[in-house]
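TrEMBL annotations:
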REGION    15-46  region 'Disordered'
COMPBIAS  20-39  compositional bias 'Polar residues'
DOMAIN    159-276  domain 'Fe2OG dioxygenase'
């Protein structure tokens, strides 16, 4: 059985995930000896058992229980062995103040596994036949649903950004108010072949996966005031183990921040939804 884990190549390469790990060939999913709670290459939970929960339609969605708690615990334990870098205390001009520890790696294999071997791909690309995601002015035909999906995600989703970022927030750490940028990238095919070509692409949505819970550390969004609502309430997302958060970024990004952690540790895995340019 193949386990859902960080790429074996990354684990074995001392310059990648294995850096700081005392056993470079260690497979983190093997910490759990019970085969019934392992994490096969098939979706960890069927998409039918999960849903995109709209906190703010077209802006913010949650997928609760996206990853099982046992896997999140294994990941957090493994990630703690990596050489995390603390962000500078003084931000650059026009950057928000951020105080956390982080690690990043380009890993197309892991990004593809996270996209296609969980429920994420199906939820994003095939679950728009449900009433809450259908076009308000249409009848939910396949063509209209596909167009609705393209409008929502900014194009036809290719998968996830291979740039995987790991964030750890300990007590007293936070991320000030900011916007997430959209980035032009080259999307690598996985698996690659002699004839495969990378796709010019861009990121459109931020994906955050909470691996732990903590006290404080909420992600708070601040909707813009409108004529109809001059004082909108903020939208608060408290970290839940295994929960995924998708929020739009780039030109349509909402002002948001990561509140200070007051107790415990907040571990977050980040990538981005990618569409063709």
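Placed from the backbone N, Cα and C atoms, the Cβ positions cover glycine too.
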Local confidence of the prediction over the domain 'Fe2OG dioxygenase' (159-276), expressed as mean pLDDT: 96
Helix, strand and coil residues within the domain 'Fe2OG dioxygenase' (159-276) as assigned by DSSP: 3 helix, 62 strand, 53 coil
